[in-house]
Amino acid sequence: MTPSKAIRWLLAVLALACVLALPSPAAAAPADEWGFRGLLRDGEKQPVSGAAVQVKDGDTVVGSDTTDDKGRWEIIPVPGPGTYTLTIDTTAASGHFAGDEYEVDKELVESPTTLPVLNVVVSTTESSQQVASFTDRLAQRAVSGFNLGLLIAIAAIGLSLVFGTSRFTNFAHGESVTFGGLTGFVLAHVLGLPLLLAAAVATVLGGFFGYAQDVAFWRPLRRRGVSLITLMIASIGISMAIRSLMQFSFGSASRGMTEESWGTVTLGPVVMPATSYAGMGISIVVLAGVGLWLKHGRIGKATRAIAGNTALAATSGVAVDKITRIVWVLAGALAALSGVLLGVFNQVSFDMGFNLLLLMFAGVILGGLGTSFGTLAGSIVVGLCTEILVLWIPADMKYVGGLAVLVIVLLVRPQGIFGRRERIG
Amino acid sequence: MDIIWNSLRELITPTTAAYALAAIGLNVHFGFTGLLNFGQAGFVAIGAYGFAISVMTFGFSTPLAIAVTLVLAAGYALLLGVPTLRLRADYLAIVTIAAAEIIRFALNSSAFAKWTGGANGLYNEYSGWLKGSNPYPSGVVTVGPWTFGSNDLWIATVDWLVVLLTAGAIYLLVRSPWGRVLKGIREDEHAMLSLGKNVNLYKLQALVIGGVIGAAAGILYVQPTSVQPFDFATRMTFNMYTMLILGGAATVFGPILGSMIFWVVMRFTDELVNLGVDGGLFDNVTQGSQLRFVLVGVALVLLVVFRPQGILGNRTELSFDAK
Amino acid sequence: MPSKRDPILVADRVHRHFAGVTAVDVDHVEMPRGKITALIGPNGAGKTTFFNLLTGFDKPQTGAWSFEGKPIAGLAPWQVARRGMVRTFQLTKVLGRLTVLENMLLGSKNQRGERLLPFFWRKQERSDSARALEILERFKLGAKAHDYAASLSGGQRKLLEMARAIMNEPSLVMLDEPMAGVNPALTQSLLHHIKDLKNQGMTVLFVEHDMHMVRYVADWVIVMAEGRIIAEGVPGEVLSSTAVVDAYLGAHHDTDLRELVREMEA
């Protein structure tokens, strides 16, 4: 292949990528705006990465960012001079001060000798730390863990429905979650849609994304009658391709889902953003809806019949192809919803779904493959473990807790909490 | 023309050799035995870190460090294999990928930074033994159209020697009755059980052997460079699957050929991305290189579906859909 | 039920249920040594499940059985096979991407080269190959020795599976529906091979639907229905007993009765 031909070929791929890709996120603020830029370090002057930095004017969040691997955060624009509060949440950060929150007040002064953007160097030891008692922190973590568990469950139910009807473990399911998160980000952050509307639209688009995956990849592969192993490897390839495409268009940084703030809710020792409670409410309603649909709905029953015995369901007049398509749409929509809520709960990044995928596996296996109630219970246990273990293990090993649960379950009780032994042979 | 020669240089670089070796290990799992190991990167990481820490923290001699590292990898394989090999294929895939991620998170964590260097990784203060035995003249050595640093060339020589010796051993193993049992297990476990073969024991042996080869590849991988935790992400494993299926799974030379082609193509597209950056097509090199991994993913799907036998494989033997 | 002389396999109180539905509930059964025993019964009678239980491929809720006088309940399938009890499968399990000869060689017992660090196996491999080719010739598969097993027809796969089991030199061969899906032209030769196993001193237990075959080849017949053993005896008596006919008619109420009766009387 000559270089010019190769470049044209690459351009064609690029054009395709642009069709699929999301618009690039908003560019950094122009230099003549007011804002804070800074560097976060620990007591030993080592950079702290992955911490969430928020700038507040009183109780209103003005902007936020996450520190990169050099501990830096980019310009967070503010409306003008004044005193702002910088809060630094190290829940997802590297370092051994797991989950602590810091607050520090900084003043922007209008002066001919200083830049309008203030460079701030914050050390995690010198800022005023909010010290909470162990039980308070446990309560806070437990609520977060329950929230995370619900998000895992929403996405995992899609994964196990696909497993039931298509008979393979879809390693690309995490990318459907990321799709939801990134779409939500574009709608809420870039286009400035209200959060709830953005979540609803992203969920619908997620359904289309699931449908598109089925039409583009899985239905043709089913028709070819390829083996289970081929399907799983193909799903890995698809996962890799989509994830890289998302990294290409979104970049490697983690970003806040929205600038919209609903304030915080204080329940006893637990302080959470109101959006998290809204997210939990939505999760519970959606999970209950899916549960009822599976149990009583006509299509839901057909889905269960296929999961039980595909050949028998087909001979009893269940339209297997149609149900499978519906399951892919539903799985895509649920994953996207989970992605939006996860983005609100944590941050949006190109690999958020892939990281969640491993926790989904943990939830599904813990609950016992193929039982919806088990998936819910297993996911919540995994969510709780992931968040609560951060009280003892470093926050940059957060996911290790959830994954360790997976390994331990397989050692002790491979059929999960609610599973029957016959399913796993 | 420079682009072509620069790309072809990848045929013999130490990285290509290390990947080829790890892919040979993966081939013992996937190609010959049918074990779906989605966490070969975990074995490679154990090799790289096990060796570097043995030398740098504990001050072990090189042979002892290698021995300790390989024993560690064998232990890790047993830990994963004993509970999961009796379960369905998906479970091994899920557990290996989860365990590989646990390892990466732990190595990347600041909690163990005293030994692992955390996110910064480890500087190369462990390959003195190799550089000390370098027989090539110091400075720059010219090989055909390429120039190499003297140490790099020596490392490449040692790496390829290890790759060829391992390939030779695998050749003998898979042609023995033992290798035939592995292939039988890949085809049908129940049939093998009904003939009196202890299937789980063979699967465990295969998992350990392939994992130890993966760890050996990890030792080779970090000789020319430093140890970086990010290198051992899941992407490493799936690059290896792409190589393996490209070259031909269940063949002896498939993983080697696959690794060579993979890295030549990666280097070639890298050069194209550089042209693209010069021409204003991409903002920067990192962004452009993401697109290359889109291509790797697409290539993996196309290969496994349309040419599962790869280049060297035999269509009848290697279409995975025979069952 | 009187004890047979010197049974090779004795099973007691074997019970297996799936999610509350009883699949196998066998109180006591014995397999006569050196004979061909047929296990018959309507679909869903639990024949294959019983096979799976005896060979260790499935675990019962309760039950004990012994082979050659030694208890083998609870052993793994490969351990059962090593004791000399080798089975085939209803859906043939040939190793498709290995050659026919390789399939046969995997049947060979105690190949030293199958241990890790395989050395000094070539001599044994040569004698095994010679024996394998000889058996293949008998099964008319000699010409196919170097083809992939996946290229064989359904009937040839049945033959290969049986040949591979013989390669293992078992004392009890258990054949799960050896005739299912076999081209009628091959049926005679299969029957001949089964009789031949007995002549070589092996005991044979087989599951079958085809009454012609049972009558022609079996020395002893055991009838299962709804998981239980409802009758056993020599073929002539058992096949005309009312209990057996009832069991079949009960299960086959929507098939053509006349055809079935004709089949029983043939």
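Heads up, the Cβ atoms here are built off N, Cα and C, so glycines get one too.
Lifted from TrEMBL, the feature list:
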TRANSMEM  B:12-32  transmembrane segment
TRANSMEM  B:38-58  transmembrane segment
TRANSMEM  B:65-85  transmembrane segment
TRANSMEM  B:91-107  transmembrane segment
TRANSMEM  B:153-174  transmembrane segment
TRANSMEM  B:202-222  transmembrane segment
TRANSMEM  B:243-269  transmembrane segment
TRANSMEM  B:289-306  transmembrane segment
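Contact between the transmembrane segment (B:202-222) and the transmembrane segment (B:153-174) is present: at least three CB pairs lie under 8 Å, with pairs separated by 6 or more positions in sequence. With a threshold of 8 Å between CB atoms, the same-chain residues lying at least 6 positions outside the transmembrane segment (B:243-269) that come near it are 3-4, 6-11, 13, 15-17, 19-20, 23-24, 26-27, 30-32, 163, 167, 170-171, 174, 183, 186, 292, 295-296, 299-300, 303-304, 307-313, 317-318. Relative to the transmembrane segment (B:38-58), the listed stretch B:91-107 leads the set B:12-32, B:65-85, B:91-107 in CB pairs under 8 A. By the count of Cβ pairs under 8 Å, the stretch nearest in packing to the transmembrane segment (B:153-174) among B:12-32, B:65-85, B:91-107, B:289-306 is B:12-32. Through the fold, the transmembrane segment (B:91-107) approaches residues 35-42, 45-46, 49, 76, 80-81, 83-85, 116, 229, 232-234, 237 of its own chain, all at least 6 residues removed from its boundaries and within a Cβ separation under 8 Å. For the transmembrane segment (B:65-85), the residues of the chain that approach it from at least six positions outside its boundaries are 35, 39, 42-43, 46-47, 50-51, 54-55, 91-92, 95-96, 99, 126, 200, 203-204, 207-208, 210-212, 214-216, 218-219, judged by C-beta separation under 8 angstroms. Beyond the ends of the transmembrane segment (B:289-306), by six or more residues, the same chain brings 235, 238-239, 241-242, 245-246, 266, 269-270, 273, 320 to within a C-beta distance below 8 angstroms of the stretch.
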